[in-house]
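According to Swiss-Prot, the protein carries these features:
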- 1-12: topological domain 'Cytoplasmic' (TOPO_DOM)
- 13-33: transmembrane segment (TRANSMEM)
- 34-638: topological domain 'Lumenal' (TOPO_DOM)
- 66-216: coiled coil (COILED)
- 80-175: region 'Endosome targeting' (REGION)
- 217-245: region 'Disordered' (REGION)
- 280-415: region 'Disordered' (REGION)
- 301-316: compositional bias 'Basic and acidic residues' (COMPBIAS)
- 323-332: compositional bias 'Basic and acidic residues' (COMPBIAS)
- 348-361: compositional bias 'Acidic residues' (COMPBIAS)
- 402-414: compositional bias 'Basic and acidic residues' (COMPBIAS)
- 455-467: compositional bias 'Basic and acidic residues' (COMPBIAS)
- 455-638: region 'Disordered' (REGION)
- 510-521: compositional bias 'Basic and acidic residues' (COMPBIAS)
- 534-553: compositional bias 'Acidic residues' (COMPBIAS)
- 577-593: compositional bias 'Acidic residues' (COMPBIAS)
- 594-615: compositional bias 'Basic and acidic residues' (COMPBIAS)
- 616-626: compositional bias 'Acidic residues' (COMPBIAS)
């Protein structure tokens, strides 16, 4: 039976183990299957991502190829359009020649009107000269005023800088002094704390002495009880002697306690004086004129603790006198003492009530005289004197309040300093903006003057062309032919240069982009900022205009002086006009004008052809520049 039971148990154990093994196998298989499925899902997700990336890259490549083909087509179209434009330009030249032939007749008619206008313009020219001189005088005055204002602003700025530096140095000195005072106050506080600890240790010793005295008195009471009744005279003398010695000891203890209490009160008064000194320093920083304000507070703080000390001494003496006599006397003496105390109590109560009334009157007077005394804990009268721990807590609270007030004052001072700095910066910005506006106004006036002078120079050039004779015609024809040849050569050179410049521009753009990306990774240069580019270009253009203005003014002055000489020569070159009659003069002038008009017709045609050629050339350059810009943009997009 035993073997059968063992075999059954073993079978069950084996079966359980087999079941566990099978369960573990199933769990392991399930875990493997789960991990494999997760790995398959991750692999499928990665494969999908790579497929999508591959498809997107292929789509981008297709877009790039299509864009390239479009660009090539657009280039071909632009070339064809350029050829058509050249052909149209040739046709336009022929049409222009025909219109020039028609315009000759109109020019002859206009020439007669120009003679009348010429005289009008001479009078206007003289008026404009006067205005120009006046404007030059005003410009000089404005320049002098600007230099004066600039020098004044500079001096004011330097003075403000000096004042601020002085204020900064003064503030640093005041901060240094305050820190030193804070260190001294901390040292004093530590000394007071050490004194308080010493006083506490002494008080504990006095308490132990009191306990010892009480024990001694309790031990002496049974000895007194055993004394016989017949010897009442002798034992009464001994207790009185012992009582005297004990009273001497207690008076010594009381004196020591009073001394300790005086030390505590002095430490509290010193702390209060330090707090008052801190308040004075803070108020002196903000309001240096109010130096005499905290004096009554300090006097009240120093006078009131003396009264408190006297009251406290009286209370201690009364309490200790009551405690000393009770345990040492007999029952009969205790009864007598109680009766005496009951007799004295109403007198003491009356005295205490009188003292309380006097204290209340003093409080009302102090409240009316000094408002700040309510904050100090030493100024509050109490029927019971506060302990040193409570006074220390109140002093800590006062110190915390004073620290908070100092922090608030510092914050206010910082805010005021920041506001002043902001106002100073705003003023400087306004002054700078005003200077810039004055400069812009001056530049605008100079540009207006330059335009007026240019118009005057054009009118004077017309007069100069009228005065010039036949000698300049062959020179002008040669120059026109030379310029045409140069324009054709330059056009061919420009085409080649544009192609080379396009390639260089692409390389430079690629390099500049790489440099910009690197610079942007490190830090942004304000010169590369797109918001500042327009301003920089505007400033560069203004500088170029300022540099070119003196040259233009000199040329215009020369042109203004030159027509007067030419007019003088023209008048001096015709002596017959002065001698002949008025009719002959008019006839000769008409004949000369006809001859000049006939001679000037080819010159006018040549000049018009030049102007049109130049305009067409400029248009072609602008079109080429626009096409190059479009190409660069497209390449940049690629």
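For all residues, glycine too, the Cβ spot is worked out from N, Cα and C.
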Would you mind splitting the compositional bias 'Basic and acidic residues' (402-414) into helix, strand and coil residue counts from DSSP? 13 helix, 0 strand, 0 coil
Taking every residue in the topological domain 'Lumenal' (34-638), what is their average pLDDT? 69
Just to be sure I understand, if DSSP states are collapsed into helix, strand and coil, how many residues of the region 'Endosome targeting' (80-175) fall in each? 96 helix, 0 strand, 0 coil
